[in-house]
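> Got a structure here, written out as structure tokens. Questions coming.
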Amino acid sequence: MEATKQVVNFGPGPAKLPHSVLLEIQKQLLDYRGLGISVLEMSHRSSDFAKIIGNTENLVRELLAVPNNYKVIFVQGGGSGQFSAVPLNLIGLKAGRSADYVVTGAWSAKAAEEAKKFGTVNIVHPKLGSYTKIPDPSTWNLNPDASYVYFCANETVHGVEFDFVPDVKGAVLVCDMSSNFLSRPVDVSKFGVIFAGAQKNVGSAGVTVVIVRDDLLGFSLRECPSVLDYKVQAGNNSLYNTPPCFSIYVMGMVLEWIKNNGGAAAMEKLSSIKSQMIYEIIDNSQGFYVCPVERQNRSRMNIPFRIGNAKGDEALEKRFLDKAVELNMISLKGHRSVGGIRASLYNAVTTEDVEKLAAFMKNFLEMHQL
């Protein structure tokens, strides 16, 4: 039976899944394609699951035009697991065991902190007072002896997004794309490693996709756990340990949906339309809504803002959130570390969903503006 309550989910991840995908999952849940069992109980060694994981990998390759000299693996541990896996696999590429990190928000800061356990970390720019911009790349102090350069393409907490691929002078470039993966086309050949948790743009929680260039396999530190070792996972076709089968299946279905809806280029177009709708209201509100991020670095995925003034009027913000829930719009509360409001507009969030939020924001503004 279809759920009767229609809620718009602006959650930062886990996030909204396409309705058609949810219905298909529901339909196949008890009996997957006439096999008489659910994917939830299917052996990861079966030929049926081999087709599922093969299909998911092929769709990643097709949608991002992944070159043949890259492996695509599906692992557990989330983005946070990759904060350890990246240095464990790559920091030993050069004798000095050092890495360059660009820190533009909470997630790249966590990644840099984790990497310090395994080698020397160089933050390539002076520490930012607040996470509201991307430091000018011409000022970055890259270490030519670094094993890799790391950045986070989109910071979900602070709403800061790279709209360019940094030029790192031929160094191995590593990117956390968890929150804007497949929201736009990407030239994979510019990267050594790309990783992304599925639970924002491409599926449900539990699986992380890692795209790694072949020549970077086999350099893991001696102390690298086998489950985090890219060479081990790639050599076992992501079946070294029991993978998150159901999450891989859901991801495959979401990728199919993205493909059927025009691919990464169409997602990019939609993301610009959706985010623009909200930023316009913020910018035309005469300071009632305030987004702290510098315009050129604003995220299409996560829009953080305060209400009333730059520091936020907590009573107004509470009223905004309560009223939104009454109107069946959920998960608009900002991250606990920054407060305020945050609207996450991932691939499955429709323009109609965003129009509903935009209309509410206009209405709320009119009711409370002096």
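Note that Cβ sites are derived from N, Cα and C of the backbone, with glycine treated the same way.
Annotations for this protein, taken from Swiss-Prot, read as follows:
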{"type": "BINDING", "residues": "H44, R45, H335, R336, R342", "note": "O-phospho-L-serine binding site"}
{"type": "BINDING", "residues": "G79, W107, T156, D176, Q199, N241, T242", "note": "pyridoxal 5'-phosphate binding site"}
{"type": "MOD_RES", "residues": "M1", "note": "N-acetylmethionine"}
{"type": "MOD_RES", "residues": "K51", "note": "N6-acetyllysine"}
{"type": "MOD_RES", "residues": "K127", "note": "N6-acetyllysine"}
{"type": "MOD_RES", "residues": "K200", "note": "N6-(pyridoxal phosphate)lysine"}
{"type": "MOD_RES", "residues": "K269", "note": "N6-acetyllysine"}
{"type": "MOD_RES", "residues": "K318", "note": "N6-acetyllysine"}
{"type": "MOD_RES", "residues": "K323", "note": "N6-acetyllysine"}
{"type": "MOD_RES", "residues": "S331", "note": "phosphoserine"}
{"type": "MOD_RES", "residues": "K333", "note": "N6-acetyllysine"}
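Tell me about the surroundings of these features in the structure.
Within the same chain, the residues at least 6 positions away from H335 (O-phospho-L-serine binding site) whose Cβ sits under 8 Å from its Cβ are P12, A106, T156, V157, P304, R342, listed in sequence order.
In the shown protein chains, 10 other C-beta atoms lie within 10 A of the C-beta of T242 (pyridoxal 5'-phosphate binding site).
Reduced to three states, the DSSP call for K51 (N6-acetyllysine) is helix. Residues near K51 (N6-acetyllysine) in space but far in sequence (CB under 8 A, at least 6 apart, same chain): none are found.
The Cβ of K127 (N6-acetyllysine) lies under 8 Å from the Cβ of V103, each on the same chain and at least six residues away in sequence.
In the three-state DSSP scheme, K200 (N6-(pyridoxal phosphate)lysine) falls into the coil class.
DSSP assigns K269 (N6-acetyllysine) to a helix.
K318 (N6-acetyllysine) falls within a helix when secondary structure is assigned with DSSP.
Within the same chain, the residues at least 6 positions away from K323 (N6-acetyllysine) whose Cβ sits under 8 Å from its Cβ are F360, F364, listed in sequence order.
For the recorded site, S331 (phosphoserine), the DSSP three-state label reads coil.
Note: K333 (N6-acetyllysine) has non-local neighbours L321, I341, R342, i.e. same-chain residues 6+ apart with C-beta under 8 A of its own C-beta.
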> Can you count the other CB atoms that lie within 10 A of the CB of H44 (O-phospho-L-serine binding site)?
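Summing over all protein chains shown, H44 (O-phospho-L-serine binding site) has 16 other Cβ atoms within 10 Å.
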> DSSP three-state call for K323 (N6-acetyllysine): helix, strand or coil?
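Once the DSSP labels are grouped into three classes, K323 (N6-acetyllysine) ends up as helix.
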> Going by DSSP, is R342 (O-phospho-L-serine binding site) sitting in a helix, a strand, or coil?
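In the DSSP reduction, R342 (O-phospho-L-serine binding site) maps to strand.
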> I'm trying to understand the geometry here, so how far is the Cα atom of Q199 (pyridoxal 5'-phosphate binding site) from the Cα atom of H44 (O-phospho-L-serine binding site), in Å to the nearest whole number?
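H44 (O-phospho-L-serine binding site) has its Cα 21 Å from the Cα of Q199 (pyridoxal 5'-phosphate binding site).
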